[in-house]
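Enquirer: Found this in Swiss-Prot, in case it helps:
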DOMAIN    173-274  domain 'PpiC 1'
DOMAIN    283-383  domain 'PpiC 2'
SIGNAL    1-22  signal peptide
Amino acid sequence: MKHSKKIIFALLALAMSNTSMAAPMPLDRVSVQINDGIILESEITNMVSTVKANAKAANQTLPSDDALRTQVIERLILTHLQMQMAERIGLQIGDLQLDQTIENIAKEQKVTVAQMQQTIESEGTSFSQYREQLRQEVTLGEIQRIQVQRRIQVSPQEISGLVKLIQEQGLKDVEFQIGHILIEVPSNPTSEQLEGASRRAEIVLKRLNNGDDFRSTAIASSSGPKALEGGIWDFMNINEMPTLFAEVISNAKKGDIIGPIKSGSGFHIIKVVDTRGLQTQEVEEVKSRHILLKPSPILSEDRAKAMLANFLAQVRAGDADFAKLATQYSEDPGSAAKGGELGWADPSMYVPEFTQTLASLQEGQYSEPFRTTHGWHVVQLESRRKTDATEQFNSNRAHQLIFRRKFNEELQNWLDEMRSEAYIEIVEPESKRG
């Protein structure tokens, strides 16, 4: 896994992992009811303990136990709601797809699966526990993609407008790492509530300007989506980030703290944690063709994989034509009619597993069957070429940037809607009851 991804996992993902892996406490109780599901006190306790341990190892200051507990409960609530949604629509990550994901992670780390397993177990986690946590992470990613993607529309006018801007900027990309703190206000707030939130935001801003640690302050004070990660968003192009960020940081420099900025959800404080510039010169494109089979109640995962393996054997033996097989069997409507041809494309435009597989192939080589979010594939890399960034590339890039920005915004809207429609009851410990 790339270094940046490891950083993202440092507090939250590792905490979630250890939460699900820890042995049950001898005495436990229901701390939160979410629809027909529950969060046990042991889940909260284990996650809080892990966050504290990770913070101590990183020499990071944490807020009060109550503030940290609130953030942990909120994250667990959102996780459980998403997993409940996945269960309702029948979304399951099978072992074959999980194995493929683990193989891809090992390739990114340039190790074998056995070496990766040895490293994980040396850190005190069984490989079976790691697999189940990874299964949950993949499920969360899938349910977010399924539910949020259909809410997003990118118009030709938006694309052409951004293409023009990109061309005016000479394809110069600058990425920002943003720190974000949200002092939330309720729906339809009173003037007193607005004034109170505004005062709290000014106090937080003053503390930050006086040198308080941003991450610790965010964990203690923020109601934003990245609060438990210290309010830190990963590097984003200005066209990818939420509109609120983009409107205020275009002229900011590293270290600047901006705010408070009022919106419908509250008062925002934004810090430019870091910046980096990207210079694009030549772009490598690939020409490929593939066959896609989608598992279903009729076609099992094993059967789909076996069919593709059989197709490959026939093609390699000269007994079948790849293009004809693609036309007859492929379930990708966009390419099946063209014999599976995907044409020339920037490989980063594909889903990660597809991109990684193409990167591992020589020209003319066929892949073995592999799994992506779309189903099971075999792909042939026909050719590679270096090309300047063309107008079509700019258009694809513009669509990608706009989509990512809207995805980030719609993801938070979807989570908020799910939470507002759910039955949630937080049961306080007896020691805190009046």
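Cβ atoms are placed via backbone N, Cα and C, with glycine included.
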Enquirer: Mean pLDDT over the domain 'PpiC 2' (283-383): what is the value?
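Expert: Taking every residue in the domain 'PpiC 2' (283-383) and averaging pLDDT yields 95.
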Enquirer: For the domain 'PpiC 2' (283-383), give the DSSP counts of helix residues, strand residues and coil residues.
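Expert: Its residues fall into 40 helix, 29 strand, 32 coil.
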Enquirer: How many helix, strand and coil residues does the domain 'PpiC 1' (173-274) contain under DSSP?
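Expert: Going through the domain 'PpiC 1' (173-274) residue by residue, I get 37 helix, 31 strand, 34 coil.
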